[in-house]
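Written below as C-alpha cells is the structure these notes are about.
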Amino acid sequence: MLTQQELKQQAAEAALELVEQVAGPDVIIGVGTGSTADLFIDGLARFKGRLRGTVASSERSAARLAGHGLAVLDLNDVQSMPIYVDGADEIDPNLHMIKGGGGALTREKIVASVARRYICIADESKLVERLGRFPLPVEVIPMARNAVARGLSRLGGQPALREGFVTDNGNIILDVAGLSIADAPGLEKTINDIPGVVTCGLFALAGADVALLATQDGIRRLERRG
C-alpha cells in the first residue's frame, strides 16, 4: 500500500515525463505551489541546463527552484509556456478545482493563464464528485475584509480569516466553509465580482486541461472534455 507521500511522488513523476516531451533550450515551465508541486520542483532539478527557465507562482516555489539551480524568470518577460504544473486541494470530473490552501491562488491563476496546458497533479484522494468539502480560499484586499465576508455569508458561506497569514501580494485570505458548489464557474464569477475580492480559489472558468491522479494501481489520466 503506497502512502499519500508516495502517491504524490508518483503524480510528480508523471508530470516530469511531460516535461521530458517538451524540454528544450527555449522552453519555460510554469510551476505551482504546494506539497505536490514541491516534489515536482525537486524532480525538475534533473532538467537543469535543458530548459530556458521556469516561472514560479509564489516566493516559496521560486526559492525552491533557485535552490536547485533552475532559472526563475519574471512572468512579464515570458510570452508563453507549453505547460503549467500544479496540485489541487480538490478536483472534480470536469477538472474544476479548489486551490489556494497554500495561499498562492492569485499568482497561480495568473501564471496558469500564460501556459498552453494546465497539468494538475494530485493523489486520488483529491478527486471529488462535487467541490466544496475543502473550505474555499478567497484572497481579499485587507480594508474590504468585513464587507467581503458579509457578501460571502449572503452566498451561504461561513468565512473565516486565515490568522497570521499574508499573501505574497500583501493581502489576506478568507477560508469559506459551507458553500454549495453546484455551478463552479458561476460561483467563481459571482465571488470574483464582489468588490475587494482579488480572486477566489475556484479554478473552473479556466480549469485544468489534464489531471494526473496517482492511485494504488498507477496514474489515472483525466482530460478536459471538449
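In case you wondered, yes, glycine gets a Cβ from its N, Cα and C as well.
What Swiss-Prot annotates here:
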| type | residues | note |
| --- | --- | --- |
| BINDING | T33, G34, S35, T36, D86, G87, A88, D89, K99, G100, G101, G102, K126 | substrate binding site |
| ACT_SITE | E108 | active site, proton acceptor |
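Recorded features from Swiss-Prot, shown on the structure.
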residue : record                       : Cβ neighbours (10 Å)
T33     : substrate binding site       : 29
S35     : substrate binding site       : 12
D86     : substrate binding site       : 30
A88     : substrate binding site       : 29
K99     : substrate binding site       : 29
G101    : substrate binding site       : 21
E108    : active site, proton acceptor : 30
K126    : substrate binding site       : 24
Calculate the distance in Å between the alpha carbons (Cα) of S35 (substrate binding site) and E108 (active site, proton acceptor), and round it to a whole number. 14
Would you mind pulling the longest C-alpha to C-alpha span across T33, G34, S35, T36, D86, G87, A88, D89, K99, G100, G101, G102, K126, which the record has binding substrate, in angstrom? 16
In DSSP terms, helix, strand or coil for G101 (substrate binding site)? coil
Simplified DSSP label at D86 (substrate binding site) comes out strand
Distance between K126 (substrate binding site) and the residue listed as 'active site, proton acceptor' at the Cα atoms, whole Å? 18
For the residue listed as 'active site, proton acceptor', which of the three DSSP-derived states applies: helix, strand, or coil? helix
